[in-house]
Every structure is written in structure tokens, then in C-alpha cells.
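Visitor: The structure follows.
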């Protein structure tokens with residue numbers, strides 16, 4: 001049971017334009033594991049996770065999800081995806097509940113919500129401590145709160161596998177702690193997690209294995225590397241608080 | 001109400017109500033996905049359909065539907081496949097659509113560009129029995145899609161990548177949105193005209209957002225504004241003998257300005273209510289951890 005691969009990549013190559021971004025990646029995530037994908041900017045870590053969920057065309061290699069070739073994989077309710085925060089902004093106001101509800105669609109028939117679906121949405125909001133903001137517009141949230149909403153959206157379908165792209169980027173300390181606690185809860189419930197991280201930070205104790213990418217190749221696959229240099233200083237928590245709430249430009253919806 | 005004694009006005013008012021419902025109902029998804037000007041493009045393409053209708057002596061409404069649906073499908077295909085030159089392809093489609101309309105209508109026996117102007121800017125007296133039948137059928141389709149699939153369309157328009165990962169048929173839903181927008185253009189062209197259709201898709205939504213925090217409320221208020229201005233505009237047009245399309249669009253913009261003026265004091269009151277509800281606010285959000293401050297001093 002514990003050795004069953006949930007994600008398996010072998011020899012995966014991908015190009016953006018003509019530039020190779022992944023140059024033959026092997027990566028296996030087994031059931032119940034928490035794997036961090038680390039690397040510098042441009043090392044291919046985001047491309048790697050986006051290839052797993054089929055958002056980047058792969059030029060060579062095999063990708064399997066739950067033992068099924070990804071091309072034929074249809075059971076997407078088992079996968080919860082948390083994109084980088086920038087991708088989720090519509091031109092019309094939407095409440096926290098409305099956004100999180102769209103994560104539940106995979107578990108509904110033709111998008112008809114029953115009582116259990118509404119309950120699942122409420123629970124997901126509870127898990128990330130955003131139940132009190134359920135009826136607020138997502139535009140009124142801080143970066144960290146917005147990230148919590150996106151995680152709740154992924155959790156609403158009760159997925160077995162969570163894939164997160166830089167969940168800690170631009171997130172305030174309080175939200176980082178909530179996120180770490182949410183993740184700990186998911187892991188204790190048996191979830192499998194693959195996350196892209198800039199550095200391990202507050203999630204370090206949760207992580208079973210780290211895969212470091214360099215120039216589109218796997219440079220390290222094993223126990224999480226120890227922080228070195230200034231990053232290892234006690235008290236260095238490396239928050240990136242430079243994404244203030246309300247930094248988004250005003251949108252009137254008049255221009256596409 | 002003597003206005004209802006005339007059969008042509010009954011037809012015009014029915015068409016106006018259906019336009020008032022359908023245009024914002026589709027428009028909200030276009031605004032959400034930041035394609036607010038797509039309706040304008042489809043309106044241009046539909047001109048070729050009107051011209052072809054005259055040339056082949058078919059119903060211009062059905063012909064416009066056919067051509068604008070083809071145009072909308074083409075626009076979606078351009079969005080999928082053409083990454084960098086997409087805007088050029090769309091420009092050619094729009095202006096080609098307009099030029100085709102003018103050309104076909106001039107080639108039609110006894111046709112001239114004057115026939116086109118009622119389609120460009122709307123006209124009440126020309127809404128025929130068969131137009132009303134077509135408009136009712138098309139409007140029913142638009143409402144079925146925009147209300148019945150609201151959760152799916154919301155998800156796709158809010159975050160396309162996430163929607164794909166939840167297994168939604170994103171390409172199909174995008175195509176359906178484009179087709180529904182094209183159908184709405186045909187519904188609206190008799191009353192507001194092809195060149196002004198897009199205003200009724202976008203402006204009621206923009207006006208509604210001044211007051212709302214949720215998508216559902218924005219949808220409801222946008223439709224309410226849409227129906228009010230199309231009825232108001234149609235009635236005004238009848239009594240004052242002014243063009244209906246222009247009257248409706250100016251009323252819509254008036255509603256936008258009025259609601260924007262209303263929104264500022266409302267937002268202030270809401271902020272005060274929020275502050276009162278959470279005494280002390282959320283202090284954790286802004287706190288700088290002590291250890292970090294110490295670290296910075298060491299570095300300096």
C-alpha cells in the first residue's frame with residue numbers, strides 16, 4: 001500500500017518554445033508521501049508540476065497518475081491543485097464561497113450542488129480558517145488569505161493527492177502557519193502531497209523527501225537538504241511580505 | 001397603455017425584454033474572462049450574415065446567427081492555436097465581416113446600405129412575427145446555457161487552468177460561451193443593433209459590480225438593469241421618436257454612472273460595519289516577527 005506510486009514521471013522532457021525546460025526528469029511520489037520540489041527560478045520546477053496535471057505538453061517520457069497514463073486519466077476529483085496565486089482573478093466580483101465551490105464541481109453531477117456538497121465547501125473553509133469570511137469578496141482579501149481560499153478550493157473535492165505550486169509565496173506569517181497546519185492535517189488523513197517550494201521554510205518538518213531541480217534535471221532526490229549560509233541563521237524565516245493586499249490594479253471590466 | 005395596442009410594439013417589447021435578460025447573462029462571463037469586447041467583434045461578423053440573408057432572401061436573423069456562430073467558433077480556435085498573431089487574425093475577421101456585410105447587401109436585388117442601418121442601430125417597427133419566433137427560441141437557448149451551466153461557466157471563466165485540472169470540459173465550455181455570445185448578438189440585433197449589442201453585454205455587468213460582492217448578485221442585478229433599460233429605452237423610443245438602440249445604450253451608461261455615484265458611500269458604510277464586527281481587526285496580518293527584526297539589525 002505504502003509503495004504504490006501516485007505520481008510517476010520517467011524521462012519527461014518538455015520545451016517552452018524551442019528552449020528545453022525539462023531534460024529527462026524521473027520523479028516518483030508514493031502514497032502518503034510529502035515531496036517538495038525545490039530549485040532556483042528557471043530550474044523547471046513549476047513546469048514539472050504543470051506537466052503532471054497536463055498543463056504543459058510533454059515532448060518525451062511517461063507520466064502516470066494513480067497508475068494510469070496521464071493522457072487517459074479522467075478521475076480528476078482525486079487531485080487537488082493549488083496554482084500560483086496570480087492565475088486566479090476574474091473580472092467580476094466573487095465571494096470566497098463561490099470560488100471554493102468551483103473546487104467541488106468535480107464531485108457533483110452536472111454541477112448540481114446537494115447538501116453534502118455545500119457542507120464540504122464549508123468544511124474546506126473551516127480547515128483554512130476562512131469560514132468567517134465566506135461571504136466576503138475575494139478581492140477584499142490579503143495575499144495570504146487569498147492563498148488559503150485557493151487551498152480550500154482544492155480541498156473541497158476531498159482529494160487524495162494535493163499538488164501545490166509555491167503555496168508560501170507572498171504569504172504572511174499567520175497564513176503560513178495556518179497553511180502548515182492545514183497541510184499537517186491533510187497528511188495525517190493520508191493525503192499525498194507534491195509541492196513546489198522556493199525554500200523549505202515552516203513546512204520543513206512535514207516534508208519526507210526533497211527533489212531539487214537544476215536546469216531541467218534532477219540534481220538531488222532524498223532527504224530535505226539542510227539550510228546553509230544566511231538561510232540557516234536562527235530566526236531566519238524568510239518571509240516575503242512584498243505582495244501587499246490591494247496591489248492589483250483597479251479593474252472596471254470594460255477592457256478585456 | 002396605448003403603447004400595447006400596436007402589434008409591432010408588443011413584438012418590440014417582447015424582444016426588448018429578452019435582450020435585456022440574455023445580453024447581460026452572457027456578458028457577465030465575457031467580463032469575467034476579460035473578453036469584454038468579444039461581443040463587439042461578433043457583432044461585426046454578424047453583418048456578413050445579415051448581408052447574406054438579403055442576398056439569398058433568407059431570414060437575416062437566422063443567417064446572422066449562423067455566420068456569427070461560425071465567427072465565434074473561429075475566434076475560439078484562434079485563441080487555442082494562435083499564440084502571438086491572434087489579434088491580427090481577429091482584426092481581419094472583424095473587418096472582413098463588416099466589409100462582407102456591406103458588399104453582400106449591395107449585391108442583393110434592390111438592396112442598399114440603407115437596409116443595413118436598421119440592423120446596425122436597431123429599429124422597433126421592423127421586428128416581424130418570424131423575428132419574434134427566432135428571438136424567443138434563441139433567447140431560450142441562451143438562458144438555458146447561462147443559468148443551467150452557471151457553476152461550470154463560472155469556474156472556467158474564473159480560473160481556466162484550475163477548471164481543466166478539475167476535469168471540466170474546458171474547451172467545450174469555452175466554445176459554448178462563444179456560441180452563446182454569438183446567438184445573443186442575433187437576439188439583440190433587431191432591438192439594439194449590431195454595433196451597440198456589446199454595450200448591453202458589458203455595461204449592465206460593470207454597473208452591477210459597483211454594488212455587489214458576489215457573482216450571483218452581480219448576475220441578478222445586471223439582468224435587472226438590462227431589462228429595465230431595454231424596456232425603458234423601447235418605451236422612450238416609441239414616445240419620443242428616437243432610435244431605440246442608442247436610447248437603450250445611453251440609459252445603460254446613465255445607470256452605470258448613477259450606481260457608481262451610489263457605490264462610494266455604500267462601500268464606506270460597509271467598511272465601517274466590518275470594522276465594528278471585528279474589534280481590533282486581524283493583528284496577525286501586519287505583525288513583524290521580533291526575531292526577524294533582530295536578524296536585520298545583525299545584517300546591518
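Note that Cβ sites are derived from N, Cα and C of the backbone, with glycine treated the same way.
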Visitor: Name the residue range among B:132-150, B:265-283 that TrEMBL annotates as transmembrane segment.
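Guide: Within the set B:132-150, B:265-283, TrEMBL attaches transmembrane segment to B:132-150.
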Visitor: What range among B:33-54, B:187-208 does TrEMBL record as transmembrane segment?
Guide: B:187-208
Visitor: When you look at the transmembrane segment (B:245-264) alongside the transmembrane segment (B:132-150), do they share 3+ Cβ pairs under 8 Å, ignoring any pair fewer than 6 residues apart in sequence?
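Guide: As far as Cβ distances go (cut-off 8 Å, pairs 6 or more apart), the transmembrane segment (B:132-150) and the transmembrane segment (B:245-264) do not touch.
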Visitor: Which one, B:62-82, B:89-112, B:162-181, B:215-239, B:245-264, has the most C-beta pairs under 8 Å toward the transmembrane segment (B:12-30)?
Guide: B:215-239
Visitor: If I count Cβ-Cβ pairs under 8 A between the transmembrane segment (B:162-181) and each of B:62-82, B:89-112, B:215-239, B:245-264, which range comes out on top?
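Guide: Most contacts with the transmembrane segment (B:162-181): B:62-82.
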